[in-house]
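**Q** This is the structure I have questions about; it appears just below.
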Amino acid sequence: MAARLGLTTVSSLGPRKALLPLPVRLPSLLSSHRHFYTSLSSPISPLQLVKNLSQSQVTMSASGSDPSPISTYEKELAAAKKAASLAARLCQSVQAEILQSDVQSKADKSPVTVADYGSQAIVSFVLDMELSSGPFSMVAEEDSEDLRKDSSKEILSRITDLVNDTLSTDPSFCNVILSEEGILSAIDKGTSEGGSSGRHWVLDPIDGTKGFLRGDQYAIALALLDEGKVVLGVLACPNLPLASIQHTTQNVGESGCLFSAIVGNGAWMQSLDEGSSPTKIQVTSTADPVDASFFESFEAAHSLHDLTSNIAKKLGVKAPPVRIDSQAKYGALARGDGAIYLRFPHKGYREKIWDHAAGYIVVTEAGGVVTDAAGNDLDFSKGRYLDLDTGIMATNKKLMPSLLVAVQESIKEQQQSASLL
Ligand SMILES: Nc1ncnc2c1ncn2[C@@H]1O[C@H](COP(=O)(O)O)[C@@H](OP(=O)(O)O)[C@H]1O
Ligand SMILES: [Mg+2]
Ligand SMILES: [Mg+2]
Ligand SMILES: [Mg+2]
């Protein structure tokens, strides 16, 4: 099985559109979006713009292999897929030519790139445009604080170009040009605290930034919370092979997967290519740990590899761990490439909801189970952080009881040996 999956071929974006000298004023019909624009590349009436947007919304039919029946969150799912796919397109163009100057360090020393910011701006903008009715709340990883500093002028200009270039590839947004202030305010729509009431989008614009920088796996992870529950999730994984990664150590064949799920409607996967159709996916049905293999973080700083290998040994797993970055692990698990995902961060680390919400619903709708180390369901209703016992594990329903025992025994042993030191 793949120990590390590499980079796929990526395409570059086309040339920037020239700006018209006179900004077009948008009437009150679009007032909530007005701050986004400096100008439009050709005159277009607001009504036409609204029509273009609604025509572009993809609706899923209940026929063939498509998900059925049409559910409550259908419109939101179409918007989420569109937003994540466009963000993936932006990320692919940056990963193709990643420059050291495009990388910044956040206050906590974690890396953030022009693609993290650009992806967040695109998703925020597209969701807001496609679902313009009602209040919009989003809990997202990035904010604009560092970008508003004088030292970030160049980087902000690059992000603005990237976002506009990417939007220009979509027929519904090809006449839209965002200003730098529009980019900053789109990013800052992600500052919600979430919680147990109302609807909140949850976004990780690039999950696995370290993998992204290495040219490995990453994901654009977008979910919707409704009254504190995850009801919809989309995971765009541009570098994940479409074929199973169970038996290969190489990144062979075509890559670019879009996973999606609506509560009660199963989990689905399709190619990130335009016009692809989703097919239903399911977790593996294996009940024998000897046949099982497990995923974990590539980064040892993100999960205790010693502890997870002890858990796997106790359970009877024979295969070595498959270490890949990001929530691509949840996607691969949901389609049965492996049987278990283990994540046991170092003491004191607090998990954030955007690192798990989309992966959680994709796996649970594929028939899997995701819990903390005590076997409790994950609670996404407590704000920006997950409030949980020790770690996170995901597997199928048959393996979960023995996995829980192995996890609890291993944790106890680890605590005992720590107390002897
Ligand atoms: N010390 C730590 N322990 C656990 N997770 C951590 C961590 N430091 C960062 N992370 C999280 O791990 C995520 C990546 O997970 P993975 O290891 O599965 O690729 C990061 O998401 P970002 O890349 O979005 O910042 C970040 O939120
Ligand atoms: Mg993340
Ligand atoms: Mg991230
Ligand atoms: Mg990060």
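One-based numbering along the chain as shown.
A Cβ is built for glycine as well, from the same backbone N, Cα and C atoms used for every other residue.
Feature annotation from TrEMBL assigns Mg(2+) binding site to Glu141, Asp204, Ile206, Asp207, Asp355.
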**Q** For the binding-site residues listed here (Ile206, Asp355), which one has the lowest count of neighbouring CB atoms within 10 Å of its own CB?
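**A** The binding-site residues Ile206, Asp355 were compared, and Asp355 has the fewest Cβ atoms within 10 Å.
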**Q** Give me the non-local Cβ neighbours of Glu141 (Mg(2+) binding site): same chain, 6+ apart in sequence, Cβ-Cβ under 8 Å, ordered along the sequence.
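**A** Listed in sequence order: Asp116, Gln120, Gly190, Leu203, Asp204, Pro205, Lys352, Trp354.
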**Q** Return the members of Asp204, Ile206, Asp355 (the binding-site residues) with CB less than 6 angstroms from at least one atom of ligand 2, or none.
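**A** Among Asp204, Ile206, Asp355, near ligand 2: Asp204, Asp355.
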**Q** Look at each of the binding-site residues, Asp204, Asp207, and point out the one with the fewest other Cβ atoms around it within 10 Å.
**A** Asp207
**Q** Starting from the Cβ centroid of Glu141, Asp204, Ile206, Asp207, Asp355, which together make up the recorded Mg(2+) site, report each further residue of the same chain whose Cβ lies within 8 Å of that point, ordered by sequence.
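**A** Surrounding the site, in chain order, are Leu203, Pro205, Gly208, Thr209, Ala219, Ala221, Ser326, Gln327, Lys352, Trp354.
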**Q** Give the three-state DSSP assignment (helix, strand or coil) for Asp204 (Mg(2+) binding site).
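**A** Asp204 (Mg(2+) binding site) sits in a strand per DSSP.
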**Q** Checking proximity to ligand 3 here: which binding-site residues out of Asp204, Asp207, Asp355 have their Cβ closer than 6 Å to it?
**A** Asp204, Asp207
